[in-house]
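Novice: First the structure, then my questions, so here it is.
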Amino acid sequence: MLKLLLGDPNARKLKRYQPIVTDINILEEDIALLSDDQLRSKTADFRQQFENVVSFPKQRVLLDELLPEAFAVVREAAKRVLGMRHFDVQLIGGMVLHEGQIGEMKTGEGKTLVATLPSYLNALTGRGVHVVTVNDYLARRDAEWMGQVHRFLGLSVGLIQQDMSPAERRRNYACDITYATNSELGFDYLRDNMATDLSEVVQREFQYCVIDEVDSILIDEARTPLIISGQVERPQEKYQQAADVAAALERAAEQGKDGIDPEGDYEVDEKQRSCTLTDEGFAKAEQNLKVRDLFDPADPWAHYITNALKAKELFVRDVNYIVRDGEAVIVDEFTGRVMPGRRWSDGQHQAIEAKEQLAIQPETQTLASITYQNFFLLYPRLAGMTGTAKTEEVEFEKTYKLETSVIPTNQPRARADWVDQVYKTESAKWRAVANETAEIHKQGRPVLVGTTSVEKSELLSSLLSEQEIPHNLLNAKPENVEREAEIVAQAGRAGAVTIATNMAGRGTDIILGGNSDYMARLKLREVLLPRLVRPEEGHRPPVPLQRAAETGGGFAAKAAASNGSHGHVLSEARAIGSLYPCSLTDDTDQFLAELARELVKVWGDRALSVIELEDRISTAAEKAPTDDAQIAALRESIARVKTEYDVVVTQEEVRVREAGGLHVIGTERHESRRVDNQLRGRAGRQGDLGSTRFFLSLEDNLLRIFGGERVASLMNAFRVEEDMPIESGMLTRSLEGAQKKVETYYYDIRKQVFEYDEVMNNQRRAVYAERRRVLEGRGLKKQVIGYGERTMDDVVEAYVNPDLPPEEWDLDQLVSKVQEFVYLLEDLKPEQLQGLSMEELKSFLQEQLRNAYDIKEGQIEQQRPGLMREAERFFILQQIDTLWREHLQAMDALRESVGLRGYGQKDPLIEYKNEGYDMFLEMMANMRRNVIYSMFMFQPAPAPAQEAANV
């Protein structure tokens, strides 16, 4: 009713962009007449206008003035290079992003293409633009795909990947537009602020950032800070002993069922993700370990036992982590991908290694950390896009000061969201999922099933294999990760069945009928790899093809002969047939064979790396002009294969549309309604037909942990068969209530993480600013003398009480302390200070320090010119890093301890702020004092006589 009276505020907001859209459309005709070179020269024209405009505010005014023409130029370039033209609604999306807002754009509406508009415009300043995605695969895809537009227009495009060297990172960050993941950006920022030389710094000053899947990065991942750790020595045998004790302890029943304390050795709170020993548990653990007290400071055990219990109860193999090559590798809870190299902190990872009987790696200590909230707030202008932002609008506004605008779809939505089916037990739910998948598959429609863990995806895979339903599995297991792009390329084909772990975070569109462009590139890769790639690199064809080759082509026959006992094998064999839409004609096969021979002559026989070949195929897939004959030949081959595949893919697309489009099945409600909506959004892209349904059970984690007593009573109330779905308004309300409860719960956690990290953030920025000044070598001598002057002030204030008469001041102690710091003042006598006021004392000692420092500098510089500045930089960085590391530990300990002060009617956050501030001031004072002491004690070794080389 309010909307009818006042109008839709979002529509009113978007209406102001319409005149600019009209301007861009008017410019389109003139810009279409330009040649490629003339279009490219527009970039230089735009950039010239920024030559004398250096301040951020003035640059923003100029960017706004250039927007209509710049957007028209990008639209024309995208038409020529990608064959894609920005719709009017995409232009509006680009304006929303340019203004530093969050644009909600439904799945399939071309978010990736929209990002080219503001990223090009803001790159014209020369300050650099970061486009952020959730994983390396998407960053690479977008840099290759959308980067074509920017490269065509004369901008440089960089890409940051996990395994890059610092030199490669520096080169890529120096580009006009850099594609990277949120974690790589954050860790590079932390590493830059641990660098000991300016040449080690890879990032430049932040300017503008566009985040794809912004809710995933700024909301879902905001609970976990980015941490860089260093190793610390701890007795490793304790982890294994603790794991053995934990295995022997028994979990208590749920708390408070009959008002009686639970029996058992420890309690588990899944909501808080914590384990607590009972009195019996403490006694049993102490008895097993033969110790008197688990908290004995000389031999502490409590921390080890708690971590071992959490490893046993809360960290599940193939859900939270997988075991690969003798290591426990974390699985990202939001994307379902493995995160090699990442480890849980505080001894938790070691506890999991002990549980799994793996080699235990050394424990780590935090060297640097930051939350995503505070990291992204470092950008002067931040923007983001996602399919689902409106549900988190308040949090975006409060935490990040980001407005949210909903961009209208280009075509009306035609997706049907079918009613949820709820089952009493989990096993009944999975049988129902398998049955619906089989039914939809028979109709010739593609099916995407979203699961929440590796374990669940493999359970469903085995159920489908029993029914001989061919399917592809996409989860964190290594053999499946390697096939991600290939699986997604096929997921929209007629009858295709894809099981994906956390598909919501994968950011990849599923095209009805299949992606002929990618399949053509895959075919070319398959033909060229054995001829062009070095043998040690390996040239594995796509996984199912390789397995078929290993069995001499009788894969399906052998599986069939086994009377269904190898259902999974048969399922994969059938999936092989769907890898490519059709066989190529003999002419095209011969054409590809001839191409391989010609490329061997130019590039060498098996002389390339896999990455080099893939880069060349990616370049060939672009539409930008090329003078390279080999790239042109590759491009012709891709086009030829794609043309043949298109015939079948187009027919399949028609069949799939007629059958009803993609069907998406959710197998569990996520903790957030937004993530459920992301999964639904995979179906019905750009006005396509499609449908979705969620299958749930009363045993699902969400209902079990957050549903409370109401769900428990419902389980007893429903006296129906296991295989009968339950439909109940009361149950639906319980479900929505549970989701709202968990959303509020996690919002409070994120808010608390942010509030506490805000205290650290102010300190971090001060320390990192000091470090950067030192790295850049700006006024080092002046800075150290400033440290010395403040140290002299500290000494005076410590030993002189202004409330006492001057004759009672302990000047002997004061002089002794000054000489501890500055041994060159050994001739200073207390008599020289008599009769001076407190301020005069400070001034006198500061002058003495400056004179002593000049003498010290003369001594050091005699050894080697420039050595004094090197020593200053070394000692300042050494002290900052050492004391900051200790300060981080102290702040962690403070944060844990202030929680108890709530019982004393004190606000823990205010206590943390006040005490943390005092600790920070003390740390900075210690840093200044230690630097002064180190500088005066510094005695460089004489340079050794140069020996003749005897090599």
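Yeah, the Cβs are placed from backbone N, Cα and C, and that goes for glycine too.
Just lifted these from Swiss-Prot, have a look:
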- Q90, G108, E109, G110, K111, T112, D509: ATP binding site (BINDING)
Novice: Cβ distance under 8 Å to K111 (ATP binding site), same chain, sequence separation 6 or more: which residues?
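Specialist: The answer is G93, G103, M105, D212, M385, T386, G387.
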Novice: Within a 10 Å radius around the Cβ, which one of these binding-site residues has the most neighbouring Cβ atoms: G108, G110?
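Specialist: By the 10 Å Cβ neighbour count, G108 comes out on top.
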Novice: List the same-chain residues at least 6 positions away in sequence whose Cβ sits under 8 Å from the Cβ of E109 (ATP binding site), in sequence order, or say none.
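Specialist: Once residues fewer than 6 apart are set aside, E109 (ATP binding site) is near V89, Q90, G93, I407, T409, N410, R685, Q686.
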Novice: Counting across all protein chains present, how many other Cβ atoms fall within 10 Å of the Cβ of Q90 (ATP binding site)?
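Specialist: I count 27 other Cβ atoms within 10 Å of it.
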Novice: Sequence gap of 6 or more, Cβ distance under 8 Å: name the residues on the same chain that satisfy this around T112 (ATP binding site), in order along the sequence.
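Specialist: T112 (ATP binding site) has long-range Cβ partners D142, W145, M146, D212.
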Novice: Does DSSP give E109 (ATP binding site) helix, strand or coil?
Specialist: coil
